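What follows is a short report on a single structure.
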């Protein structure tokens, strides 16, 4: 009786979850009204088999099969870098018999040497630091420890502190041949920080030194594709390109490049002199053009003023009096005596000299001296 109740409850749960309880009740009603046939008997058998399968599945639930190594690698690839470290640490945390024996002996030694051993077991890391712990050469599960207090087993544990603050370094001046065959010396400043302490310890020997060397080669590679004019004018674009390239390259090392700045672009002395001479000549040419344009505009204004003054003779006299007033306002010893120009017109108009018509020039036939009558 109890088995029938279990099977019935299993069938009700399955039908309600699938949304087919009404169909099952309708089927049972039709089968009770009509006479039994081969089809109805087969349906009853199928229902009984299904009920038996559900009962077996309830009594003996199937345990999930562990994934293979390939499937585990695919699942791990979907997580972030820190979760990858945790999963890999949990997978590889098999010490073996000797490892467990050493671990037990270490704990016993700590227990019997208390409280002296507590000073060696308790460690402290600052707020800006993390500690990566290795036990018997294997990474401990849980990732980096800190900030605050953490415990280690002195005999079998080793740890390494990692600074998470932003660090900076100067890229030494690099002799670079630009795209237009100009040799320049360029230096830069790189700001970076450790984004994942575990990866920075396990994946690279020295993350800071590797980042410095990579920054030098990246600076040479990027500036080698730029012209001198682009180096001098597009520094922000070059810095952004360097930051993107370094960030992508250092991501597997647990390093995040925050900022890159091109510090100085040093040109050869001869090139500096040539560029200075070229700039000076360009400035002088622009100055001459500006002066010529000013004179042209001034001459047009004077022409228009002369035309206005010519329309009224009294305007010239008023302008003359205005000039006298501006000169007399200054404190000087200059004496101005107005003299009308009309008085000089009589002296300027001279009569041409009279020529004697009786004067005869010598001819070739006579060859003599001309005479006057």
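Using the three backbone atoms N, Cα and C, a Cβ is placed for every residue, glycine included.
TrEMBL annotations: computationally assigned, not manually curated.
TrEMBL tags one of the stretches 100-125, 126-151, 152-177, 178-203 as transmembrane segment, and that stretch is 100-125.
In TrEMBL, the region 'Disordered' annotation falls on 35-66 of the listed ranges 35-66, 67-98.
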